[in-house]
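For 58-258, the entry in Swiss-Prot reads region 'Adenylate kinase 1', with the evidence type similarity to another entry. For ALA67, SER68, GLY69, LYS70, HIS71, THR72, the entry in Swiss-Prot reads ATP 1 binding site, with the evidence type similarity to another entry. The region 'NMP 1' feature in Swiss-Prot is assigned to 87-113. As annotated by Swiss-Prot, AMP 1 binding site applies to GLY140, PHE141, PRO142, LYS143, GLN147, ARG218, with the evidence given as similarity to another entry. What Swiss-Prot lists as region 'LID 1' is 177-206, and the listing cites similarity to another entry. Taken from Swiss-Prot, the feature region 'Adenylate kinase 2' covers 269-471, and the record attributes it to similarity to another entry. The ATP 2 binding site annotation in Swiss-Prot covers GLY278, SER279, GLY280, ARG281, SER282, LEU283 and is backed by similarity to another entry. Among the features that Swiss-Prot reports, region 'NMP 2' is placed at 298-327, with the record citing similarity to another entry. What Swiss-Prot records for GLN325, GLN326, VAL327, GLY354, PHE355, PRO356, GLN357, GLN361, ARG432 is AMP 2 binding site. Per Swiss-Prot, the feature region 'LID 2' maps to 391-424.
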Amino acid sequence: MDATRKPLRIPPAMAVYAEEHGVFDIIQKMVEKVLVDRPEDPIQYMIDHLSNDNDDVPRVFILGPPASGKHTMAKLLCKRLNATHLTPENVLSSDVSLLVKEAQSYRDKGQEVPDELWAKLMRERLSQVDCIKRGWVLEGFPKTRDQALMLQMAGVCPGHLVVLDAPDIVLIERNMGKRIDITDGEVYHTTFDWPSDPAVQRNLVEPEGISEEETGQRLLEFHRNIPGLLRTYSKVSKKINVDQPYMDVFSQVLTFVLSKQRSLAPHTPRILLYGPPGSGRSLQASLLAQKYGIINICCGQVLKEAVADQTKLGELIQPYIENDQQVPDNFVLKILTDHLSSLESAKHGWVLHGFPQDTDQAALLKDAGFMPNRVFSLDLSDDVVIERLSLCMTDPVSGERYHSIYKPAPRSEVQERLQQNPKYSEEKVQARLDVYHANADELEEFYQDVIHINADQDPYTVFEFIESYIVSPLPKSLPEEPTSP
């Protein structure tokens with residue numbers, strides 16, 4: 001970047017690199033870990049931390065009252081995310097840990113394991129290789145705010161806290177139907193999850209503590225403790241109603257666990273809108289520019305401005321514009337580069353529409369260093385596109401635009417003088433649609449993380465969807481489904 005040249009151009013590669021590799025978040029998390037663990041050799045610790053490459057592995061607490069489905073959700077989540085499933089019981093199953101032996105001695109005496117010891121146990125277990133590399137889902141712990149605070153003091157903090165919830169009467173009815181397989185400890189239910197294998201049915205027994213009175217006592221204890229836990233983890237928690245089919249519950253749990261917390265990293269929006277003609281790209285871009293100060297870059301508009309300003313490039317492309325021909329890509333890219341690399345665009349971000357229209361143009365844009373961090377496809381059926389555009393007319397006197405269905409002319413004399421823009425004839429609209437469909441799939445493959453928005457609804461509803469994806473981080477990518485042998 002040459003500070004002596006005017007106008008000042010900001011190389012786009014710096015911001016793209018920092019955002020693509022999460023440089024800000026890497027440094028922030030590394031400093032957090034150093035301050036929490038306080039290693040004797042912080043330099044080597046940071047090197048090891050970077051080598052582990054485990055900042056994005058799942059770290060999940062799943063809590064809930066009895067019979068809320070904690071075990072089922074934890075198992076499904078671990079299977080889908082390839083994470084380690086932890087419970088207080090299996091944490092105490094180690095036969096080599098001195099801390100486990102100390103905890104077992106309390107249990108042998110019929111005493112509660114102290115919260116401080118629980119925190120050390122969890123810290124020890126979560127420091128093992130499987131939890132570090134694959135992440136973990138901890139079911140049913142912590143149970144109290146004191147335990148949660150002890151975990152925090154030990155440096156154990158979840159990325160997500162899932163709290164399962166349902167009316168007490170539903171939970172009591174569920175709990176009374178619970179059955180346990182005495183051979184492997186698997187949980188079944190007389191109504192919702194009865195095994196088909198007669199051999200398994202014979203192994204099922206009714207667990208202790210599922211009577212209505214005992215379940216009610218456990219529910220009271222849960223309701224007494226959960227407000228404190230929610231206060232402790234207020235920024236990473238979500239309540240999910242489990243009085244619905246369990247796969248619907250799991251879908252909500254998985255969506256939440258894959259979500260990312262809002263980063264403190266500097267974020268400059270670089271937005272690409274594409275879609276069929278008439279999908280509302282220009283309107284959405286103007287709404288974004290109006291609300292957030294993002295620089296609105298319409299490809300067709302900046303080409304016309306270059307011609308009107310009589311720049312050197314404008315003079316070169318003027319014949320193409322006047323004859324309604326496609327401007328060569330290299331000219332378009334040079335003009336767009338001036339806008340995309342301007343100081344205002346680097347400072348406030350940009351929203352681009354009208355370019356690229358195919359993968360060749362997208363590759364040119366990428367080679368120039370301009371990669372969007374949000375790509376939206378405004379989806380609209382061909383019938384709706386043709387209806388929107390072919391019925392659109394303009395009043396040559398006032399310049400006002402009308403539509404035969406959505407905004408008819410107010411008076412008959414206005415209606416009689418309306419004229420149609422030739423590019424909105426049904427034949428030309430269909431030709432533009434054919435060009436769009438010929439390239440849409442390849443463009444989506446090029447950009448991969450394309451966010452599809454249904455554009456056949458109120459434009460402000462569409463804007464709210466777009467806005468929600470801009471102000472929040474994109475969710476984590478879901479790992480491949482494990483294949484059965």
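Including glycine, each Cβ sits where the backbone N, Cα and C put it.
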>> For the region 'Adenylate kinase 2' (269-471), what's the mean pLDDT in this predicted model?
In response: 90
> What count of other C-beta atoms do you get within 10 angstroms of the C-beta of GLY278 (ATP 2 binding site), across all chains shown?
Replying inline: 21
> Which one is it: of the binding-site residues ALA67, LYS70, GLY140, PHE141, whose Cα lies the shortest distance from the Cα of SER282 (ATP 2 binding site)?
Replying inline: LYS70
> Which of LYS70, ARG432 has the fewest nearby Cβ atoms, counting only those within 10 Å, among these binding-site residues?
Replying inline: ARG432
> To the nearest whole angstrom, what is the C-alpha distance linking GLN325 (AMP 2 binding site) and SER279 (ATP 2 binding site)?
Replying inline: 22
>> DSSP on the region 'LID 2' (391-424): how many residues come out helix, how many strand, how many coil?
In response: 9 helix, 8 strand, 17 coil
> With DSSP, how much of the region 'NMP 2' (298-327) is helix, how much strand and how much coil, in residues?
Replying inline: 21 helix, 1 strand, 8 coil
>> Other than ALA67, SER68, GLY69, LYS70, HIS71, THR72 themselves, what residues in this chain have Cβ atoms within 8 Å of the centroid of the ATP 1 site's Cβ atoms?
In response: GLY64, MET73, LEU164, VAL242
